[in-house]
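> From Swiss-Prot, for reference:
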ACT_SITE  TYR245  active site, proton donor
BINDING   VAL199, ALA200, VAL201, ARG207, LYS208, GLY209, ILE210, ALA211, LYS212, ASN238, LEU239, GLY240, TYR245  acetyl-CoA binding site
DOMAIN    76-280  domain 'N-acetyltransferase'
MOD_RES   LYS217  N6-acetyllysine
MOD_RES   LYS254  N6-acetyllysine
MOD_RES   LYS265  N6-acetyllysine
TRANSIT   1-61  transit peptide
Amino acid sequence: MRSTPLGTTAVSPASIKHNSYGYGRFVSSSGVSNFSIHRRRRHSSFSISQAPSQINSGACNASQIVDLFPAVSPEIVVREARLEDCWEVAETHCSSFFPGYSFPLDVVLRVDRLMAMVMGFSIPPGCQRTCLVAVIGSSVDETICFGSDDFKIGAFDAKISLNKGYVAGILTVDTVADYLPRKGPLRQRRTGIAYVSNVAVRENFRRKGIAKRLIWKAEALAKNWGCRAIGLHCDLNNLGATKLYKDQGFRSIKIPEGATWPQPKTSPDTRFTFMMKLVNNNNTQALEQFR
């Protein structure tokens with residue numbers, strides 16, 4: 001799937017500054033299959049406490065609408081996004097990367113992002129793309145799911161749960177290699193390397209280890225897909241994100257002099273560093289091939 005900053009809306013990327021609360025940078029999904037019912041054993045209970053945002057008189061913005069009904073629980077579950085999560089995923093993305101927009105533009109941005117994710121874009125045969133969500137207030141063991149493990153609508157699993165929880169963080173991981181340097185004189189697409197993008201955590205849930213858990217889950221998926229390494233682009237000015245990735249074992253890869261590597265399409269003054277980490281320790285040469 002080709003990545004676009006906001007899918008369909010004619011908003012100039014140059015007019016949108018990258019926000020330091022997003023962990024890196026953003027990009028967008030697709031996939032297909034049997035019907036199954038998943039019953040998870042309920043082993044614990046949780047309470048829902050309402051902590052509505054203060055809403056001033058007049059029109060409230062999109063983030064305030066979502067924050068009216070948060071499900072609060074100490075448990076964090078990272079899983080693949082489902083169709084029912086789509087609005088909260090769009091809200092988390094836009095509130096992290098495009099804060100400060102008020103009604104009606106904030107709603108337009110969220111609807112645009114939602115359409116881009118649900119409609120999706122085609123991906124090359126044999127490639128994978130998944131949106132992960134960190135959910136507060138719903139245990140994996142408490143969830144009853146209806147739907148298919150394989151069928152997807154855009155970026156989302158076509159499954160519905162009776163107790164879905166509250167999306168606090170998001171991450172996209174794929175093997176499409178749109179933002180990896182091409183290989184050889186024929187500029188072939190690289191294989192065996194997963195790529196992370198769109199890492200964002202809601203402001204109220206930051207500094208709780210959610211981004212780390214999303215990264216861990218992405219690494220596990222990359223291993224499951226048979227990848228030898230995982231990579232990402234990080235805004236050089238986002239020191240918090242840079243430290244996060246370095247603490248998780250990512251290394252900055254120096255671009256060879258004179259080489260032109262693909263980079264995320266954001267505001268022109270944003271500078272990125274490309275970082276990688278081995279997920280298959282049997283292949284110690286995976287990072288050296290980029291030098």
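Note that Cβ sites are derived from N, Cα and C of the backbone, with glycine treated the same way.
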> Among all chains shown, work out which of the modified residues LYS217, LYS254, LYS265 has the most CB atoms within 10 A of its CB.
LYS217
> Please give the maximum pairwise Cα distance, in Å and rounded to a whole number, for the acetyl-CoA-binding set VAL199, ALA200, VAL201, ARG207, LYS208, GLY209, ILE210, ALA211, LYS212, ASN238, LEU239, GLY240, TYR245.
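Of all Cα pairs among the recorded acetyl-CoA binders, the widest measures 18 Å.
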> So among the binding-site residues VAL199, VAL201, ILE210, who's got the most Cβ atoms within 10 Å?
VAL199
> Just to confirm my parser: what is the rounded mean pLDDT across the domain 'N-acetyltransferase' (76-280)?
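Mean model confidence (pLDDT) across the domain 'N-acetyltransferase' (76-280) is 84.
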> According to DSSP, does ILE210 (acetyl-CoA binding site) fall in a helix, a strand, or coil?
helix
> Measure from the CA atom of VAL201 (acetyl-CoA binding site) to the CA atom of LYS265 (N6-acetyllysine) and give the result in Å, rounded to a whole number.
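About 21 Å separate the Cα atoms of these two residues.
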